[in-house]
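Single-structure report; data block below.
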Amino acid sequence: MANPSGTISIKPLFVEVTVLACWLGIQLINLLWVLAVALTGDLAFYTLLPALVPLILIFHSMRQHLLARQQLLDGLARFDLNQVECRLDFDKKFVHEAISEWYGGPEAFTEYVRGPLHQELISANVRHVRQLVPCQYCCIIITPMLGVALNSMVGLAKAQAPLWIAVAFFFAVVLGLYVCWFALMIQLAFFLCDRFAKPWPCLDWLQTILIFLFFAVVCASGLQLGVIASDFGPGSALLWFWVVATTLWLTRGGWGQVCRFCDACFRARAGKGLSGPDS
């Protein structure tokens, strides 16, 4: 038998392909930034701006892949086996015989695709919308940027910088910016590209550029705050790291845990209030 279990499993790779594109794009951004610094001899923020241009292409690719995922879900909800075409009659006959054997007939198979299979992918899609991108994928995407941060740490060590400067840089820049803040920015990028995946009529690229500009402003604001926190010393660096790490935790399921905890406390207090007069 071609499929002994008699079931269909669909594992779309839209998010995985997007993660790969992000990782390659960030490698390119790092390369362009290093070249810009080497040519200008300046580490000012304006040297980073030209290197961010590839993000426009990355965001456009992300929107296309996430739109394809949405279209897949919509197509399964309206699936009709009679509209499916095969290049060869032999393939069509083989497929229909297999469907009749595994599912009992075309009607039962259509109901399965529109029902359980569609709901399974909807549930997976909802999990992705809540997570936006799995934690392990975030770790993969930020590795190029984390390498840059660790390289700066090595530079501080070789320059024999004071301990308080190294500590402030580690918490504010390495952990606060390159780990937590950029993980938040990855989630923001996926959210924007998923929320605005459907193109505006005749304005597809303009839509991508607007997403990029909004993302760049938010990202640059965090970069500036992280640098300021590092300059003010370990205290402000720890505060910045705590704020960003807490925000990241809240956006990756922590807020739901807080709500469930508060709800459980409220129910427990309400239960004690109701049982009080009886006792």
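Glycine residues also receive a Cβ, built from the backbone N, Cα and C atoms like all the rest.
Here's what TrEMBL has on this protein:
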TRANSMEM  12-37  transmembrane segment
TRANSMEM  43-62  transmembrane segment
TRANSMEM  137-157  transmembrane segment
TRANSMEM  163-193  transmembrane segment
TRANSMEM  205-226  transmembrane segment
TRANSMEM  232-251  transmembrane segment
Contact count check, CB pairs under 8 angstroms to the transmembrane segment (232-251), set 12-37, 163-193, 205-226; argmax is 163-193
Can you name the far-off residues of the same chain, 6+ from the ends of the transmembrane segment (12-37), with a Cβ under 8 Å from a Cβ of it? 43, 47-48, 50-55, 57-58, 61-62, 65-66, 68-69, 72, 121, 128, 133-134, 137, 140-141, 143-145, 147-148, 186, 189-190
Using a Cβ cut-off of under 8 Å, list the residues of the same chain at least 6 residues beyond the transmembrane segment (205-226) that approach it. 45, 52, 55-56, 59-60, 63, 172-173, 176-177, 181, 184-185, 188-189, 192-193, 196, 199, 240, 244
